[in-house]
Amino acid sequence: MGILRFVLLISLNLVLFGFKTTVSQPQQQAQVPCLFIFGDSLVDNGNNNRLLSLARANYRPYGIDFPQGTTGRFTNGRTYVDALAQILGFRNYIPPYSRIRGQAILRGANFASGAAGIRDETGDNLGAHTSMNQQVELYTTAVQQMLRYFRGDTNELQRYLSRCIFYSGMGSNDYLNNYFMPDFYSTSTNYNDKTFAESLIKNYTQQLTRLYQFGARKVIVTGVGQIGCIPYQLARYNNRNNSTGRCNEKINNAIVVFNTQVKKLVDRLNKGQLKGAKFVYLDSYKSTYDLAVNGAAYGFEVVDKGCCGVGRNNGQITCLPLQTPCPDRTKYLFWDAFHPTETANILLAKSNFYSRAYTYPINIQELANL
């Protein structure tokens with residue numbers, strides 16, 4: 001097992017050290033015609049801005065390093081999907097669906113919403129948000145909008161959508177803002193780790209299948225990262241006598257159960273359950289673990305604290321309006337109590353695009369070229 005991890009790290013180093021933590025200028029033409037994004041605050045780029053929600057990031061210093069400033073992204077600069085869109089060659093970032101007008105929908109849309117989950121009630125403790133079911137329904141509406149630009153020719157629209165990439169990153173909030181919040185939700189009483197993961201997978205299968213029914217053929221499905229080790233959890237467990245370390249391993253163990261089921265789901269979908277589709281699984285748990293454990297190799301000096309936040313690990317309270325963040329965000333793995341920095345997002349996007357170290361069964365570049 002140690003040899004395997006060594007080989008993975010060497011391969012990732014070869015990928016990452018061949019690049020700076022910037023994304024090159026887009027190519028003349030994008031490798032795919034459009035990119036559709038479904039997810040939570042890790043990839044939300046402004047859909048929550050006008051909602052009555054605590055899950056918003058439309059204030060400084062969020063966006064301090066982003067060319068357009070504060071937009072609603074939950075980081076200092078680009079999100080993972082921003083970096084991915086640039087690598088794919090898009091001239092502009094994929095806009096939030098809440099602000100798309102006219103033919104812009106033909107290049108894709110971002111439906112992601114902070115606090116969203118696979119389950120509809122997930123994130124209700126934080127206020128309004130757009131759940132995965134709601135995001136999928138918004139996408140079906142978008143498909144109807146797109147049809148007019150194909151003169152009502154559904155076959156032509158299907159051929160167009162079959163060349164696009166669909167990204168889905170869900171599950172984190174189903175644990176952080178549902179299963180492991182017993183004072184607000186009853187799921188931990190009604191389920192155990194195994195049955196809760198099975199329930200999520202059942203719902204997720206239906207959601208991904210509906211995307212397929214409305215044209216999705218090249219689909220990226222991410223696992224959940226090592227969220228038991230984010231600054232918020234480290235702050236809570238910092239002073240506890242925990243023989244396994246400062247992370248909340250109870251959460252991590254539950255995530256491993258879920259991720260195992262997501263990877264199996266990808267296998268099932270690729271083996272003919274959805275004809276003509278190709279799904280790629282991103283192992284976010286392994287990639288975030290390796291970035292944290294080997295942070296110095298990737299230029300990170302701080303891997304256990306947020307760049308912006310309050311309290312232990314800058315994780316007891318997340319980044320506040322007009323708070324002064326750390327001066328050099330490139331040295332931090334985490335931007336706030338929950339979310340990675342732009343630097344981490346770019347590293348992860350590049351590794352997933354060019355390497356199979358954390359992708360299965362192929363990488364994103366190979367998916368785009370299908």
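Backbone N, Cα and C define each Cβ position, glycine as well.
Since this is a predicted model, take the numbers as computed values, not measurements.
Listed features, source Swiss-Prot:
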type: ACT_SITE; residues: S41; note: active site, nucleophile
type: ACT_SITE; residues: D336; note: active site
type: ACT_SITE; residues: H339; note: active site
type: CARBOHYD; residues: N203; note: N-linked glycosylation site
type: CARBOHYD; residues: N241; note: N-linked glycosylation site
type: CARBOHYD; residues: N242; note: N-linked glycosylation site
type: SIGNAL; residues: 1-24; note: signal peptide
Between the recorded positions S41, N203, where is the Cβ count within 10 Å the lowest?
N203
Cα within 10 Å of the residue listed as 'active site, nucleophile' is the criterion; apply it to the recorded positions N203, D336, H339 and give the hits in sequence order.
H339
What whole-number Å value do you get for the CA-CA distance of H339 (active site) and N203 (N-linked glycosylation site)?
25
Residue pair N203 (N-linked glycosylation site), D336 (active site) - Cα distance, angstrom, rounded:
30
For D336 (active site), write down the residues of its own chain that are at least 6 apart in sequence and whose Cβ falls under 8 Å from its Cβ; none is a fine answer.
F74, T75, P231, G306, C307, C308, G309, N314, T318, C319
